[in-house]
Amino acid sequence: MEDSKSMEPSQSWIPLLSNTESQVHGETCSMPATLILSTLVAVFGSYVFGSSVGYSSPAQSGIMDDLTLDVADYSFFGSILTIGAIIGAFVSGRIADFVGRRVAMGFAEVFCILGWLAIAFSNVAWWLYIGRLLVGFGIGLLSYVVPVYVAEVTPKNLRGGFTTVHQLMICCGVSLTYLFGALLYWRILALIGIIPCSAQILSLPFIPESPRWLAKIGHLEGSENALQRLRGKNANVSQEATEIRDYTKALEQHSEASIIGLFQLQYLKSLTVGVGLMILQQFGGVNGIVFYASSIFTSAGFSGSIGTIAMVAVQIPMTTLGVLLMDKSGRRPLLLVSASGTCLGLLLVALSFLLQDLHKLKELSPILALVGVLVYTGSFSLGMGGIPWVIMSEIFPINVKGSAGSLVTLVNWLCSWIVSYAFNFLMTWNSTGSFFIFCGICGLTVVFVAKLVPETKDRTLEEIQASLNPFSTKT
């Protein structure tokens with residue numbers, strides 16, 4: 001791993017909210033409000049993602065009672081979100097490349113609004129399913145385009161922290177939906193889901209398009225103008241604009257790659273890193289821990305509500321810490337610490353179930369379960385939750401970013417569905433063995449990161465892609 005200079009204190013995330021200084025290609029310029037606004041508008045989509053995922057849990061009893069659904073019906077309602085997301089992920093890169101990042105976000109939010117309306121006013125199960133499917137399609141598209149847009153508009157020394165806000169806002173969406181869901185009727189909760197969707201749509205006209213996408217479609221003047229707005233009117237953007245223009249021109253000889261076209265030697269390392277991180281992120285058992293957390297906390301002597309509060313109390317601060325550290329420590333160190341922590345947490349949970357199976361140390365078993373879940377949740381939030389999306393947005397050349405992003409996002413949602421579907425069968429087979437398997441996969445993640453994942457801190461997107469894909473710009 002290459003050593004990188006530590007950021008100065010003035011470059012951390014917190015001071016970005018004031019009129020601070022930032023280094024762009026070695027020159028000092030004031031942090032423009034446009035960059036902060038663009039990021040905040042984009043991550044409205046991340047909040048929508050989180051609120052959509054979190055909705056089914058607090059709404060379950062109300063929907064089942066009002067519409068007389070059984071457990072199988074409601075399980076289908078919950079899982080169809082993932083099916084919609086898989087479809088959205090499959091076309092996300094193509095849509096974002098064809099119409100641009102801003103229009104793609106607005107397009108996704110239209111589907112989310114229609115979906116929330118269908119859910120809120122449904123009187124039969126089919127309308128629930130259609131609404132949930134539409135919301136899933138929208139968040140599948142947002143899960144790709146939001147981190148890509150943020151990565152493409154931010155300077156290299158701030159890109160990691162800004163992009164990780166995507167994961168922080170997902171956490172906020174899940175947590176606030178749990179909170180509102182405990183207080184509000186399920187139809188009202190669905191209507192509240194429309195608010196962040198509408199806020200993003202209304203805000204999109206006020207932020208610039210991605211300079212790299214504009215350069216890709218040949219709007220070089222528009223690209224430089226957008227870059228100037230994002231860096232500030234007094235910033236010298238000539239070097240960054242030249243890098244973007246030269247790299248884009250070098251890629252013009254290559255046609256836009258299809259998903260099949262990605263499987264070439266020149267993209268092998270990027271594809272391995274991007275797909276590998278997404279597989280390991282999901283197969284590390286995050287959905288299993290979340291779905292089984294209530295039972296684990298119950299076995300530890302805590303109520304489900306207290307357990308949920310404990311997880312939120314760990315999740316949001318640790319995600320925030322990851323945002324603050326992203327551009328100081330780098331991606332690799334955070335990933336290594338995060339993966340090691342998830343491995344330790346799952347080991348503690350597995351040992352808790354093992355002690356229950358052996359009927360030994362019964363007073364220790366609940367404590368191990370509680371500590372294990374909280375260690376896992378905190379560690380996952382620190383890095384494994386958000387950093388794979390950051391790296392995905394950084395490592396692919398612009399001529400394959402659409403197809404590669406679609407593939408990587410599709411893999412993530414497909415693995416999420418596999419784990420969600422298989423988890424109950426695994427727990428019926430052997431709960432102790434299941435958590436040991438997840439623990440082993442997290443251990444494999446540590447090795448994968450140490451051996452294959454590059455450090456992308458303080459490097460431009462063009463520098464990262466040139467180092468990973470050395471043949472992609474050669475004639």
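Just so it is clear, glycine is given a Cβ too, placed from its N, Cα and C backbone atoms.
TrEMBL lists 35-54 (among others) with the feature transmembrane segment.
Here TrEMBL flags 38-457 as domain 'Major facilitator superfamily (MFS) profile'.
What TrEMBL records for 74-91 (among others) is transmembrane segment.
As annotated by TrEMBL, transmembrane segment applies to 103-121 (among others). Tertiary proximity for the transmembrane segment (103-121) is limited to same-chain residues at least six positions away from its ends with a CB under 8 Å from its CB atoms, namely 42, 45, 48, 52, 88, 92, 95-96, 127-128, 130-139, 141-142, 145-146, 149, 187-188, 190-191, 193-194, 197-198, 200-201, 204.
Look at TrEMBL and you will find 127-150 (among others) tagged as transmembrane segment.
Long-range contacts of the transmembrane segment (162-180) within the same chain: residues 39, 42-44, 46-55, 57-58, 146-147, 150-151, 154, 189, 192-193, 196, 308, 312, 315-316, 319-320, 322-323, 326, 381, 385-387, 389-390, 393, each at least 6 residues beyond the stretch ends and with a Cβ under 8 Å from a Cβ of the stretch. Residues annotated as transmembrane segment in TrEMBL: 162-180 (among others).
If you look up TrEMBL, you'll see 271-293 (among others) marked as transmembrane segment.
Nonlocal intrachain contacts for the transmembrane segment (305-326), taken as residues 6+ away from its ends with a CB within less than 8 angstroms of a stretch CB, comprise 12-14, 160-161, 163-165, 167-168, 171-172, 175, 178, 182, 293-294, 296-298, 334, 338, 370, 373-374, 377-379, 381-383, 385-387, 390. Among the features that TrEMBL reports, transmembrane segment is placed at 305-326 (among others).
The feature transmembrane segment is assigned by TrEMBL to 333-355 (among others).
According to TrEMBL, the transmembrane segment annotation covers 367-392 (among others).
If you look up TrEMBL, you'll see 404-423 (among others) marked as transmembrane segment.
Residues or ranges marked as transmembrane segment by TrEMBL: 435-453 (among others).
The stretch in closest packing with the transmembrane segment (435-453), judged by the count of Cβ pairs under 8 Å and taken from 74-91, 127-150, 333-355, is 333-355. Contact between the transmembrane segment (404-423) and the transmembrane segment (35-54) is not supported, since fewer than 3 Cβ pairs fall under 8 Å when only residues 6 or more apart in sequence are counted. Mean pLDDT across the domain 'Major facilitator superfamily (MFS) profile' (38-457) comes to 85 in this model.
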